[in-house]
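Worksheet: the structure to be examined is printed underneath.
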């Protein structure tokens, strides 16, 4: 008994001496090292960052050792197949919007002379952007640290079914009022489902790094280019028989009947079916990508069973500090506000990018007509010119997104990107100085008394091209930098998915604000009631 107590006292004395030695060694360390340890391992009411939890620090570490150990890991190389998967996600994300816009002549034909025909495009745009905004708000605030497969697969499946339903509408006998309600409801569901899908995919892309986000945005841009080519081909096919020779077009701006042939129903069925198939390909892409997703991102982390009978089994704060336990940090509402404040410049930048873009394109740009006579060339036919303007912008947008990977001209600083975004305001007066026409008649060109200040179709296309390049460039840079620890040092590693969701939310907020601003710009341009167009 006495021997046991002696051994216990001996161990206690030895432990005491060891603790005193550690205190002496600690006191000899440089103040900067002690300060770094104190700041990085400070005790709080929450678990420490996973970077700290995975870092083991020794008492004899130098300042350089500490710096080297707490550096966040660099993003690994993203495989080409993974980038292709995210490109397909981008295609699936924007295909519904582009499919609906391209089918606008079909919708207007079904509405006929009903009172909904003239304002259908405005109603559709407002409904889509509003539902996208509300859905993204809900998806952002209810987002979890994990990304279950259902948040990606279910929206893809729903959007595939919704477009498949549109493919059979040409065979359904619906009144204009019923058709109006059906299409708007379908669009609202597509926008809602697509917003949940976009939020989850952008958050998932942030796990793989900036290359995955760039691939996602490139896929979306490729869809826009493809749809623009389809519009151009359709317009050219319907008008080429009128050339060569003199040509004096006389068409209605609201419903271009020459763009709609006798097989419009069959064409709509084929088009919506192909669009649905493209969206369905996103499910296949996710099935391929799923095994490559980190395990802690796919599922909810299992909840540890707490045994109250053994208090030593419960992790203490010291366990978190020493790296013995690593628990994902759950993002609360307060934490989301912290991320919003940290990324305020990035969020404002991506918001304002699309305020400027949607304020002008396509609401104002579609009313800019060529200053040259359509008799000179089919290129100056208003329908062809409009299709070329869509193609010009979307190709420029794609080039801008691709330029984001060229580092010498791609800033990632939050201040520089905000200034870059604000500088795009110059495009608003430049485009308004072009040949913007209020209710233009297609049988005549610009009168001598009303010549625009920028009286050149080439100059207009050049301005529009620069408008598109800067849109794709700055928006891609912001969405790449905002959730990246490497590009955005102020962000904690575990905050990246939340930052990606917030940036996506601000992007759609810019869509809504830009769409609303287009009414004001239209009122300034036409000096009329922009809602009734009178």
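Glycine residues also receive a Cβ, built from the backbone N, Cα and C atoms like all the rest.
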Exercise. Which range, 40-62, 63-85, 86-108, does TrEMBL list as transmembrane segment?
Worked result: 86-108
Exercise. With TrEMBL as the source, which of 13-32, 153-172 is set down as transmembrane segment?
Worked result: 153-172
For this session: Please work out whether the transmembrane segment (344-365) lies in contact with the transmembrane segment (178-205), by counting C-beta pairs under 8 angstroms that are 6 or more apart in sequence and asking whether there are at least 3.
Result: no
Problem set entry | Per Cβ pairs under 8 Å, the stretch of 86-108, 178-205, 212-233, 458-481 packing most closely against the transmembrane segment (153-172) | 178-205
Problem set entry | Stretch contact, the transmembrane segment (212-233) with the transmembrane segment (458-481), Cβ-Cβ under 8 Å, 3+ pairs | yes
Exercise. Given the transmembrane segment (502-524), which of the listed stretches 120-141, 178-205, 269-289, 377-396 has the most Cβ pairs that are under 8 Å apart from it?
Worked result: 120-141
For this session: Please give the sequence-distant neighbours of the transmembrane segment (120-141): residues at least 6 beyond its ends with Cβ less than 8 Å from one of its Cβ atoms.
Result: 97, 100, 104, 107-108, 111, 180, 183-184, 187-188, 190-196, 198-200, 333, 336, 501-502, 504-505, 508-509, 511-512, 515, 531
Problem set entry | Tertiary contacts of the transmembrane segment (178-205) (same chain, 6+ residues out, Cβ under 8 Å) | 86, 89, 92-93, 96-97, 100, 107, 110-111, 114, 116, 120, 123-124, 127-129, 131-132, 134-136, 139-140, 143, 147, 151-152, 154-156, 158-159, 162-163, 165-166, 169, 212-213, 215-216, 293, 297, 479, 497, 500-501, 503-505, 508
